[in-house]
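Peer 1: Before I ask anything, let me first share the structure, which is written out below as structure tokens.
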Amino acid sequence: MDVKFADEETKLEVKTRDVFMPALSSTMTEGRIVQWLKQPGDFVDVGEIIMVVESDKADMDVESFEKGYLAQILTAEGESAGVGATVALLAETEEDIQKVIDCGTECIVPGSNHRHDGTTVVDLDHQESASAEPAAPAAPAAPAAEKPKNVKEVFMPALSSTMTEGKVVQWLKKEGEKIAVGESVMVVESDKADMDVESFEEGIVAHIMVDEGDSTNVGEVVAYLAPSEAEASAVKSWASSLGSGPTSAPASAPAVSAEAAAAKPAAPAAAPASSASVVNEGRVVASPYARKLAAENGIDLKFVQGTGPGRRIIAEDVEAAKSSGAAAAPAEAPAYKSSKVYATPDAKKVAKAEKINLDNVTGTGNFGRITAVDVLKAAGKAPVQKEARAEEKAPAAKKKGKSDGPAEVLDGAVPMTAMQKGIAKNMMATLGVPVYSVSYEINTTAFDELYAKVKAKGVTTSSLLAKAVGHVLKDHQILNARYEEGDTHIYKKAADIGVAVATKGGLVTPVLRNCAETDIYSLSRSWKELVRKAVEKKLTGADMSNAHFYISNLGMFGVEHFNAILPKNAGTILAVSASKPKVVLQKNGLIGVEKFMNVNATCDHRVIQGADLAGFLRDLADFIENSIDEVMY
């Protein structure tokens, strides 16, 4: 067999970087590429969305962890690849593209096996070797032999495509407690938000490897589950001897694969419809295609046994259920109601303090989850109002010029949170961009009058500003463009505008979609929902992506003028200051007092020239001063 390997000199010269299949969920073992958003020859920057991947949860945009020129796509649209597998190759320069193609995966720079998000390559073909045990050194084999049977792992999931590590904020299950599939086991702080993490296994929490407040890389084991209470002690003793490092034992992988391979053929055998019972309590884990098939055929996935990774329901399971009729829930069967009470961590704390039985509380949160407000209402107490949204705070509340102080006086070094690290990284990303700023003064008399009329109907100042900007952007498309390496300007037809929101954890920028075409009431509802998610740290990557124009409003703090830092992959950011009274000569020839606000736009000079920006600000001022009522049409 004639196999050509690249020599070390060639590898060092070419410096190929790879694009790999990331772990988009804690149960994902492979992903299907729905669409490539970059084509061979295109430049890809760090953080740019390069492809859309269908995981076992949803279709998600995937960002690149490397920068370079897309040289070769190895996995075409519609094809699947294992987690960690190389799906494309990047060249360092445009001239190196052909060299990368010729050298292939041999020239990938060292270190590619350890992925940026903690992902390791998943071998999808290991089931074929179930009968042959891989050779392993004698020393590492001993601990594997002592490992208790049926031990399950809870590991740090990838909660966003940019997440590389997570901090355990709170364990919702303690050692010795039972956990079911779909139950929340911990709260994790990622680089985007605090999120509840559900368990994909059931068992007894035998040993917690990562304490509350500690961080670990994506993919690392954070806890071990025992199959029963009787075996929990043995599992804890075994897990305690492992230390705190990575604990995956490669020698055990073939055994798991063999079990999965043996179990799969038996799954299609199903019980008669008359004896159908709930298989999946709580959250149902199924592939998108399996859900589609189930919906088309009236199959209730609660009654379908999954045979995929982590008992995930796949298309074959739905087909088998359809043939047997076992998954059709009996008409007379009572609706399944879990005995588990779902409540937020804050709700549990309040319930304990107020001595309220959560079984008697009706939840109003997402999916009927009990919130702290629900518990306070049950206790007959008025809930403490959350900090008012920035655009709705009364100006009088800030006249003293004082901000809310910290809960405690800090002194010395304080580690940054994951969100603060992400903000710092994004702020540094544009320091090399050639930016400039232009200020403009706008009369807000008409704007203030309109806001006074529609405020009671739920319209916010942020949505009014975004709507006005979106309207003017239609005639100034260059202001809604951004620069891309390779001497390219990327335009957007839709006015998707990112608006900065200050939260307790840090600054986030949710995006209002299609501001020019969306009616003001729908836009305001969308904005209120985004602010709610920001305050609750529930924003997703999709909520904060693909905006070229941003607005930062500090007017409610009385700020008269400021510059905003241009975000990554943006062309313009508009800094909006407070509206201040000013003595002017009015249109009627009399001296009077009117209000004016200062706006200051910062732009990428590689895209937007000074005359372009000046024309936009002139037209924005004219629209706000003379035609603001048009936002209502």
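Quick reminder: no glycine exception, Cβ is built from N, Cα and C everywhere.
Pasting the feature list from TrEMBL:
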DOMAIN    16-94  domain 'Lipoyl-binding'
REGION    127-147  region 'Disordered'
COMPBIAS  129-145  compositional bias 'Low complexity'
DOMAIN    151-226  domain 'Lipoyl-binding'
DOMAIN    285-322  domain 'Peripheral subunit-binding (PSBD)'
DOMAIN    342-379  domain 'Peripheral subunit-binding (PSBD)'
COMPBIAS  384-395  compositional bias 'Basic and acidic residues'
REGION    384-409  region 'Disordered'
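In terms of burial and nearby residues, how do these features look in this structure?
Peer 2: Note: the domain 'Lipoyl-binding' (151-226) comprises 0 helix, 39 strand, 37 coil (DSSP; helix = H, G, I, strand = E, B).
Mean pLDDT for the domain 'Peripheral subunit-binding (PSBD)' (342-379) in the predicted structure: 77.
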Peer 1: What else in the chain is close to the domain 'Peripheral subunit-binding (PSBD)' (342-379), if you only count residues 6 or more beyond its ends and a Cβ gap under 8 Å?
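Peer 2: Residues packing against the domain 'Peripheral subunit-binding (PSBD)' (342-379) from afar: 170, 172, 184, 187.
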Peer 1: For the domain 'Peripheral subunit-binding (PSBD)' (342-379), DSSP counts of helix, strand and coil?
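Peer 2: Tallying H, G and I as helix, E and B as strand, the rest coil: 23 helix, 2 strand, 13 coil.
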Peer 1: If you run through the domain 'Lipoyl-binding' (16-94) with DSSP, how many residues end up as helix, strand and coil?
Peer 2: 1 helix, 40 strand, 38 coil
